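Chemist: This is the structure I want to talk about, given as structure tokens.
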């Protein structure tokens, strides 16, 4: 192998490794951010009374009656 082909091989490996690292970090950030975003939305929804609901668990410790949350 010539010096140019070795350098080219190393650069190709570095680019693939960097891309893999970026994708891995993005996946980890997404998996952490999604539950936090859901908790934030749920906490905001819990502060509002009279929201539509289907079950008691939809009402954040309230009671679902006639498709609306009662507190």
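Cβ from N, Cα, C; glycine included.
Pulled the feature table from Swiss-Prot, pasting it below:
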type	residues	note
SIGNAL	1-33	signal peptide
DISULFID	46-60	disulfide bond
DISULFID	53-64	disulfide bond
DISULFID	59-69	disulfide bond
Chemist: Reduced to three states, what secondary structure does DSSP give residue 53 (disulfide bond)?
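Modeler: Note: residue 53 (disulfide bond) is coil by DSSP, not helix or strand.
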Chemist: Which residue, out of the disulfide-bonded residues 64, 69, shows the minimum number of other Cβ atoms inside 10 Å of its Cβ in this structure?
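Modeler: Ranked by other Cβ atoms within 10 Å, the disulfide-bonded residues 64, 69 bottom out at 64.
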